[in-house]
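Down below is the structure, laid out as structure tokens.
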Amino acid sequence: MTKVTADKWPQASQTLVVRAAIYLPIAILAALSLPFLFSDLDLALQEPFYGGDNRWPVGDSPIWRFFYTIGPVPAILLGVVSIFTLMLGFGNQSLAKYRKLSAYFFFVLLIGAGLITNSILKDQWGRPRPKQVTAFDGTESFERLLHYEPESTGKSFPCGHATVGFYFLALVPLLKGRRRWWALILSLLLGLLIGIARMTQGGHFASDVIWAAAVMWFTSLLFYKLLRLDQSLYWQAKEGTKPLPKWVRWASAPVVVLILALVGTIWPYDKRLTATPDDLPPLEELRLDFNGEDILEIVPGKEFSITSFTDGHRAPKSRLRASSTFTDGPPTIRVDYRREGFFSELNVRTVVTVPEGLSLTIVGSEELTRLVLPKEGIEPQLELSPETKVLKR
């Protein structure tokens, strides 16, 4: 029988920990995903937050607005500190030892929350958000977890906001003992609270939040091994290593500026705009010249009104403005929208309430992707772009 010597135990123990860090989360992810793959559990979990008429009133409560707007700030601050520490560490000896840790935190955020979550999965997967599906008075069909639909413009999978909460899972491999467990618990709690905030607003499904945690955990493990943090947390220069030339540090400055600019475009935007002209006379016929984007929905009602519901992500101070003008002979309402600043994502759904007996003609711009009409009662004349889809519900 082979005798196990004492010096082999640390290596065997470390191997066991590494395997547990990989295979146990995979097993948990699979177990949590199965109910969402084979049932409509995502819809059932969203139901308590829905207020009807595509409204999500629970998401307007101060506690969930707080986690939606402020929740990403700690991750952003740590990411900014990391990139500056990394760059300054090439010329500052007191900061040089932190280059590995800085690179670790920076790349976990950049690759996990940025590249994998937003650029690869959200932009390409095509899963509609809860507020976009027909079960909650949207226009898209519900898609279960992991259903790939490249033709859809949905950006629900996975939850980008939750990734910046789960970002602090990156601390877990670095710590030991109770500190490791506290880092695990608090990072899961922060990511979960941010994820629930997005669920209450109709922005993401529960399964999107679960997979956001998985993305950030496995990204953390990847860079933990790539940067050899299991061997040493701190960078040590090899004997004879020459410092980088100053021009390298200056040349990297535009990269830092670009990254900071991209970080600045993730601030949430969620506004309700009214574009109903003042003092409208009684009308029997109307031409609606709609120069807006995304979705236009026509619904029956007592009075004519135009209301736009928007959500997305933007640079600070960016906004969408709506204006309308009414002209007589023939009666025409022209509705215009203007973006100010930069949006990394903007979804617009405009609801036009039409009273009974009004003869309506709709002229749509090329940016109008969908026109939603009621199944009965309103049959407008349409002058639309060939790319605009017309739905009835």
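Positions of Cβ are set from backbone N, Cα and C atoms, glycine also.
Features of the protein shown, as given by TrEMBL:
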DOMAIN    100-224  domain 'Phosphatidic acid phosphatase type 2/haloperoxidase'
TRANSMEM  20-38  transmembrane segment
TRANSMEM  66-89  transmembrane segment
TRANSMEM  101-121  transmembrane segment
TRANSMEM  155-174  transmembrane segment
TRANSMEM  181-197  transmembrane segment
TRANSMEM  209-227  transmembrane segment
TRANSMEM  247-269  transmembrane segment
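Between the transmembrane segment (66-89) and the transmembrane segment (209-227), fewer than three CB pairs separated by 6 or more residues in sequence fall under 8 Å, so the two stretches do not touch. Remote same-chain residues near the transmembrane segment (209-227) are listed as 21-22, 25, 29, 32-33, 36, 100, 103-104, 107-108, 111-113, 116-117, 121, 145, 157-160, 162-163, 166-167, 169-170, 172-174, 188, 191-192, 195-196, 198-199 (criterion: CB distance under 8 Å, separation of at least six residues from the stretch ends). As a whole-number mean, the pLDDT of the domain 'Phosphatidic acid phosphatase type 2/haloperoxidase' (100-224) in this prediction is 93. Residue counts for the domain 'Phosphatidic acid phosphatase type 2/haloperoxidase' (100-224) under DSSP, split into helix (H, G, I), strand (E, B) and coil, are 90 helix, 2 strand, 33 coil.
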